[in-house]
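Written out below as structure tokens is the structure these notes cover.
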Amino acid sequence: MLRLLALLLPLLPQPARAREPSAQDVSLGVDWLTRYGYLPPPHPAQAQLQSPAKLRDAIKVMQRFAGLPETGVLDPVTVATMHKPRCSLPDVLGAAGLVRRRRRYALSGTVWKKRTLTWRVNSFPQGSVLSQETVRTLMHHALTTWGVESGLEFQEVGSQDPMEPDILIDFARAYHQDSYPFDGQGGTLAHAFFPGEHSISGDTHFDDEEIWTFGSKDGEGTDLFAVAVHEFGHALGLGHSSAANSIMRPFYQGPVGNPTEYRLSQDDLEGLQQLYGKAAQTPLDKPTRKPLAPPPPPPALPPDRPSQPVPDRCDGHFDAIANIRGETFFFKGPWFWRLQPSGQLVSPRPARLHRFWEGLPAQVKVIQAAYARPPDGRILLFSGPQFWVFQDRQLEGAARPLTELGLPAGEEVDAVFSWPLNGKTYLIRGRRYWRYDEAAARPDPGYPRDLSLWEGAPHAPDDVTVSNTVLSFPSPGNPDSGLASTPQDSYFPRIPSLSRSSAG
């Protein structure tokens, strides 16, 4: 019988094998695990690779922090988790020590020797929809979250105070003179330094390239209050936790609700009170510095559902498609996507018009055309009979009428493009088009003209895109469709024979 089973076993269905991690995944995994403390850095004098056993143990610990099955394998879910937004600080001082530790929370080993701590926001986010007052309010409540459970008191001080605050808060970009440079949107979000006697102890830094929001229900942006609570835990001496409901988990988990009602998890509470005791155990220090007046109450949370659903980019029918500084912008209602020259989207989720284009009036609900002005790189957005001029993302001045570009009062545009071979900008409405001389900053005389002069041009094009010296007319439902040509003869603009001549 045993011999028969041995013969039959190879014929039985075998369980599917997990996909072997690629060399790129392994390289990423080792770098990531080393960066965040799961693996020791390689010794410079020894060309020794991490052993398979150590790598497997480190992956298991990482999976525990992330709430994943502890397989010890770099499976696709584990690799994807390594790409999630998170805190800059390491998670553990050593994987072996974490495996033996019974409690979930971790302590840095340092605490503040006083009960009253001062703080100040030294710099504010540059591209956020949050006002400076809202940022101060969220910081106040994030610190209070820790104070009410420990008896610590936090006093905001002004910039005129002669002494540096214990916790100095900054919004910074890339390298900012510490050991944790930021990496742009996504990736690392923020970091804070543990208590101590150094000038940087307690200081808390946020990546200014993130889109900081508060209470967003549609998943857009990064919730400032949630990240601030996490980072102030570090500033008080707590490390990262593997507990499922801990605010000290290293990965960003989204908004946590109303700041006045938010409470720490049991794991966070135990870690905090291990350092500072319970609230009523120790009297507070008498304040020696004059605190600022408390900030205003936090803003109301947005509704549970966004006021307008996020559109699906796959159904086409964009309001406008434009080439701007090498990227292709797809506008749809109050949203847009950006396609990089590599063909990759900047983000699969659309960005909001009014959060990206700072100063665009709230009543603008749709963009009908857009282009980058050749002489100075300014970006023009068109909606209705008006247009707006932006320096990068910042609005310059008020709305301007299309009459400045040669169109009659009340007229709108369907498409706008600038032709690189003659420096002229073309504005299309239905079957007619106008031409604007960018160098002279005035409309060309003799317009509008009929689009039938452009051989092969579609009837009333909705969009026009230009790539080098190729002109395309994508259809509303299919941005990859349309006519395209390179200039060949002396008539301009003639499709499919566009040339350098300005006769058109």
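Just so you know, glycine gets a Cβ as well, placed from its N, Cα and C.
Which of 85-92, 349-356, 469-476 counts as motif 'Cysteine switch' depends on TrEMBL, and there it is 85-92. Between the alpha carbons (Cα) of Asp208 (Ca(2+) 1 binding site) and Gly184 (Ca(2+) 3 binding site) lies a span of roughly 8 Å. All protein chains included, Ile321 (Ca(2+) 5 binding site) registers 24 other Cβ atoms within 10 Å of its own Cβ. If you take the C-beta of Ala370 (Ca(2+) 5 binding site) and look for same-chain residues 6 or more apart in sequence within under 8 angstroms, you find Ala320, Ala322, Ile324, Phe329, Phe331, Ile379, Leu380, Leu381, Phe382, Val416. Mean model confidence of the domain 'Peptidase metallopeptidase' (108-278) amounts to 90 (pLDDT, 0 to 100 scale).
A distance of 11 Å separates the Cα atom of Asp178 (Zn(2+) 1 binding site) from that of Asp203 (Ca(2+) 2 binding site).
Classification of His230 (Zn(2+) 2 binding site) by DSSP places it within a helix. Every protein chain considered, the tally of other Cβ atoms within 10 Å of the Cβ of His205 (Zn(2+) 1 binding site) stands at 25. The Zn(2+) 2 site is set by Cys87, His230, His234, His240, Met248; from the centre of their CB atoms, other residues of the chain with a CB within 8 Å are Leu89, Ala192, Glu231, Gly233, Leu238, Gly239, Ser241, Ile247, Arg249, Pro250.
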